[in-house]
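According to Swiss-Prot, the protein has these features:
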type    : residues                                 : note
BINDING : GLY10, ALA11, GLY12, LEU13, ALA14, GLY15 : FAD binding site
Amino acid sequence: MTTQVVNVIGAGLAGSEAAYQIAKRGVQVRLYEMRPVRQTPAHHTDKFAELVCSNSLRANTLTNAVGVIKEEMRLMDSVIIRAADECSVPAGGALAVDRHEFAAKVTEYVKNHPNVTVVNEEITEIPEGPTVIATGPLTSPDLSAQLKELTGEDYFYFYDAAAPIVEKDSIDMNKVYLKSRYDKGEAAYLNCPMTEEEFDRFYEALIAAETVPLKEFEKEIFFEGCMPVEVMASRGRQTLVFGPMKPVGLEDPKTGKTPYAVVQLRQDDAAGTLYNIVGFQTHLKWGPQKEVLQLIPGLENAEIVRYGVMHRNTFINSPNLLRPTYQYKQRDDLFFAGQMTGVEGYVESAASGLLAGINAARLVKGEEPVVLPPVTAMGSMANYITATNAKNFQPMNANFGLFAPLEKKIKKKAERNEAYATRALETIRNFVNI
């Protein structure tokens with residue numbers, strides 16, 4: 001057994017998973033958790049992996065990418081998924097848990113491991129030596145300042161302002177056209193043209209749609225210079241036509257005329273399978289959000305892989321800063337995990353902790369860190385956060401649009417998803433003993 005100790009900062013979903021993966025590989029872990037010495041605005045207990053929002057870990061079937069990532073994690077002996085399975089409550093095709101039992105179970109498994117030492121204190125400086133930073137979206141101000149200094153001000157963010165993302169295959173290409181404004185540069189946007197009547201219907205639905213209530217600690221977000229589309233709309237219908245939906249320079253090649261309004265879609269991934277809706281960061285609830293977006297011509301049947309969100313979230317610009325091993329590019333023994341890396345969601349956070357933990361253990365044992373291939377769900381997430389366009393980087397959930405394309409195109413969605421899942425699980429089995 002190596003005598004080197006790995007510091008893990010934060011005992012949330014990612015930190016707990018990372019600590020467990022390091023410890024089970026025979027490496028000593030010093031797990032720092034500032035609760036209960038110092039609480040966050042969202043936590044209520046001193047337990048590890050406390051779920052601060054929903055008690056659902058989302059879909060549990062292999063027809064959904066988050067179901068595939070769970071199954072990969074089961075095969076890799078994830079402590080988070082094991083605890084979730086043991087504390088599950090009825091939820092149809094989803095994996096939901098008794099949140100108190102779940103947190104208690106994770107705490108028990110991690111705390112009682114002989115290679116884990118828990119230290120209840122706030123870390124305000126990044127330690128020397130092998131370290132995994134997994135402090136989550138509510139990282140304390142002092143450590144945030146240190147991370148900002150480490151990564152550079154331009155690469156450290158305090159909130160999400162993410163527009164919705166749709167699958168290209170679900171866009172009605174007969175209703176949209178490829179064009180850049182005034183034909184500058186290459187045609188880079190798919191444009192959804194609207195008549196005045198279509199815009200009016202969209203506008204009325206948008207201003208009437210239900211929004212997510214803001215938590216107290218999130219209320220400063222909108223003063224940071226990034227306005228939700230529904231707030232812009234509430235200032236008057238022309239605000240959108242002169243803002244994110246302005247049609248000037250975007251004549252419709254089918255008619256030769258300028259539409260009344262245009263919604264632009266921008267490619268979001270290297271493979272060209274995902275498109276984001278430009279300027280549509282929003283605080284709408286997901287149900288109403290889908291109804292409003294499907295009023296946009298060409299998006300009537302859009303498959304939304306990530307809904308627009310705006311919430312408090314401390315995260316780094318991973319494409320500029322991290323390798324797909326979750327290592328910091330400027331310091332081999334420093335790893336990041338969890339929502340801080342730009343993965344979005346409980347399961348995705350734990351999955352990043354699993355891989356960061358494995359690689360931290362391998363590093364101190366003198367072994368090569370592992371990069372999971374993007375045909376796997378975990379590998380596709382690591383690839384997305386480290387290889388996507390750094391300029392427009394925003395956090396992302398697991399979805400099949402991030403997976404490496406299938407060798408053979410499959411038209412039916414259910415069969416295509418099944419093929420993604422089968423290939424992912426066949427591949428991950430080669431890594432279960434790393």
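Glycine is no exception: its Cβ is also placed from the backbone N, Cα and C atoms.
Note that the structure is a prediction, hence the values are computed from the model and not measured.
Counting every protein chain shown, 30 other Cβ atoms lie within 10 Å of the Cβ of ALA11 (FAD binding site). Apart from the site residues GLY10, ALA11, GLY12, LEU13, ALA14, GLY15, the chain places the Cβ of VAL8, SER16, GLU17, ALA18, PHE48, ALA49, ALA134, THR135, GLY136, ALA337, GLY338, SER349, GLY353 no farther than 8 Å from the centroid of the site's Cβ atoms, the recorded FAD location. Of all Cβ atoms in the protein chains displayed, 32 besides its own lie within 10 Å of the Cβ of GLY12 (FAD binding site).
Less than 8 angstroms from the CB of GLY15 (FAD binding site) sit VAL8, ILE9, LEU31, GLU33, PHE48, VAL132, ALA134, THR135, ALA337, GLY338, GLY353, each of them six or more residues away in the same chain. A count of other CB atoms within 10 A of each Cβ picks out ALA14 as the most crowded of the binding-site residues LEU13, ALA14. All protein chains included, GLY10 (FAD binding site) registers 30 other Cβ atoms within 10 Å of its own Cβ.
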